[in-house]
Amino acid sequence: MGRWGRQSPVLEPPDPQMQTTPPPPTLPPRTFMRQSSITKIGNMLNTAININGAKKPASNGEASWCFSQIKGALDDDVTDADIISCVEFNHDGELLATGDKGGRVVIFQRDPASKAANPRRGEYNVYSTFQSHEPEFDYLKSLEIEEKINKIRWLQQKNPVHFLLSTNDKTVKLWKVSERDKSFGGYNTKEENGLIRDPQNVTALRVPSVKQIPLLVEASPRRTFANAHTYHINSISVNSDQETFLSADDLRINLWHLEVVNQSYNIVDIKPTNMEELTEVITAAEFHPTECNVFVYSSSKGTIRLCDMRSAALCDRHSKQFEEPENPTNRSFFSEIISSISDVKLSNSGRYMISRDYLSIKVWDLHMETKPIETYPVHEYLRAKLCSLYENDCIFDKFECCWNGKDSSIMTGSYNNFFRVFDRNSKKDVTLEASRDIIKPKTVLKPRKVCTGGKRKKDEISVDCLDFNKKILHTAWHPEENIIAVAATNNLFIFQDKF
């Protein structure tokens, strides 16, 4: 098996070639099952980068963000299928993909005119829309399988064609996105509309010709990776070798080859023999950006494990474990829930990683396991409201986080459509709002402040007035420029640094 690990038992197989094992019992406590994660991290910058790449000081010594675009209907009546469930830039930032709860994938392409403008603007137009997943029904377990897109990951582009992976709770699909501006015509046996010609009407031999047609973007499924997960898939990650990828559910992580759909290899399995002994679940997993044998995964107990596939076929024993000891004075009924890591992302350099729990985001050095090197509170003012957040289930929300291209800033989301941006160099942070009130082009975002006391200033909002139904769970940062995409319910906001 080599570094592939042991072969994973393929579950619920429709294909007789697939290996099968009896489905495990249902997972206990909701505390674990609802803590798989997604969170987003906010960043604050102390210098503004202009579009040409030169640094210019902002008026207050900090970078200013301005509105660029909003995508999606502006109606207050939002259907559940239109809610955005993931956002992802491709490796050069020219394409931006979103997935929603209706199983659709929408790809936006950078507007060439906005990129060529001086200063450059971050504007995107719809490039392609397709239905990635359909709702299914598991007759063996009498369970509905939602069509919701949990994750999207791009493969690096090697030719004019783009490839991406998308997944719902059970099935990962590889999609090919290509352009076509030519078609063939003048066939002897077919008409232009595709109908077969009557042989009696064929009186002359025609040479097929190539015709120019309006640009057509086609998305076609190339591979379907299914029947390998008993529990819901929470993460997919493409390896740096661009040949393999991992998929993680609550208890297992499987390794796939992009050319092989009928088998995967189980590289992590934390399922106990007795399910009553279950103490944690996997919440997120990701490959190292440059080392193809290294990956990390986080758990609901607040730990992050780094594994090396060269050490063993089954990575049940980690190479490193990152965990911050809990302060006994902060121990409470909710400690275990809020310490669950909802998202983990390795930096572009591969030296650091960030993790998001319910109240904070932490930066870890891969060379230091004992504690994070930086900790940024996201919405510490909610600590006093954990009881009510538990009752309305908000405490189980899955916030994602992301790096900027230079690993100098991080971003994540919060409630009331707020998102946070943290500058690692200046240690400054800012709270911004994705609001329809600021959808005029070039509108500069004003920093927002949350007040916890009785008196508040004019530009502050009381913590009691926060809308917990409005939340920023998914964000993405352009890999090369200061352009960010923020998903707010059914709308996608695009912001960039001030012109």
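Just so it is clear, glycine is given a Cβ too, placed from its N, Cα and C backbone atoms.
Over in Swiss-Prot, the protein carries these features:
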- 1-30: region 'Disordered' (REGION)
- 11-28: compositional bias 'Pro residues' (COMPBIAS)
- 79-118: repeat 'WD 1' (REPEAT)
- 144-185: repeat 'WD 2' (REPEAT)
- 228-266: repeat 'WD 3' (REPEAT)
- 277-317: repeat 'WD 4' (REPEAT)
- 336-374: repeat 'WD 5' (REPEAT)
- 391-432: repeat 'WD 6' (REPEAT)
- 467-498: repeat 'WD 7' (REPEAT)
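With a cut-off of 8 Å on Cβ pairs spaced 6 or more residues apart, the repeat 'WD 6' (391-432) and the repeat 'WD 4' (277-317) reach fewer than 3 such pairs and are scored as not touching. Nonlocal intrachain contacts for the repeat 'WD 1' (79-118), taken as residues 6+ away from its ends with a CB within less than 8 angstroms of a stretch CB, comprise 38, 51-52, 71-73, 124-135, 146-154, 156-157, 162, 164, 166, 168, 175, 177, 219, 474-481, 483, 485-492, 494. As a whole-number mean, the pLDDT of the repeat 'WD 5' (336-374) in this prediction is 97.
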